[in-house]
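K.L.:
In case it's useful when we look at the structure, here is the feature table from Swiss-Prot:
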COMPBIAS  54-94  compositional bias 'Gly residues'
BINDING   60, 61, 62  Cu(2+) 1 binding site
REPEAT    83-90  repeat '5'
BINDING   84, 85, 86  Cu(2+) 4 binding site
DISULFID  178-213  disulfide bond
CARBOHYD  180  N-linked glycosylation site
CARBOHYD  196  N-linked glycosylation site
LIPID     230  GPI-anchor amidated serine
């Protein structure tokens, strides 16, 4: 965030300085002034705009990071592993024709975020597995079900599957999805071990998992809110941003 503030300050100061110089610079051309009437032809300062039809940061018409019109990682228009457009082993220059493409680096920020929120479960489309919880003590309305629950609660889940809270519009949607995927995964896993669940088991699991999903939602919502508030505080309290705001106020008042 601090680096972003420095960049914003540098960009603003550069633009302000450039505007000031443009206002003070004498107009070229005219009789016996030694200047050209067409400032775009042969100007000694060169062209400040990107050459050869590319956009900013594209020196030869390619996309960002494409120096000669190829796609990402293709410096001369060839496919991956073809440095100069030829087939495999037909590239020219000093490139090593048998080099394998470098492995992509792991984004440590993403790994840290996933570890903080919960372990991402492979094969479940972005679901995460929450931390283990104590199974709640629930009363089902009659002594037989209460006793059955106490004797079998160890067979029910103590962790829930969920997606990030920012993918849901409200708590009900989060809890509904959380309960469904958790019971489904727990039932499939347990069934493969040779153990089946009765209707009573499913009924009790729904009550237990629902309470755990509500707890998980409250925990994730608080963490998400704290993260956004912390990011905003860091951005607006950084010295470059404060200096930039002070400078803008000075320009407006002055």
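Even glycines carry a Cβ here, placed using N, Cα and C.
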K.L.:
If you count, for each of the glycosylation sites 180, 196, the other Cβ atoms lying within 10 Å of its Cβ, which residue has the minimum?
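P.N.:
With the glycosylation sites 180, 196, fewest surrounding Cβ atoms within 10 Å: 196.
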K.L.:
Please report the number of other Cβ atoms within 10 Å of the Cβ of residue 213 (disulfide bond).
P.N.:
24
K.L.:
Average pLDDT across the repeat '5' (83-90)?
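P.N.:
Reported value for the repeat '5' (83-90) is a mean pLDDT of 44.
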K.L.:
Enumerate same-chain residues with a sequence separation of six or more from residue 178 (disulfide bond) and a Cβ-Cβ distance below 8 A; give 'none' if the list is empty.
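P.N.:
When sequence neighbours closer than 6 are ignored, residue 178 (disulfide bond) has 160, 161, 162, 209, 213, 216, 217 within Cβ distance under 8 Å.
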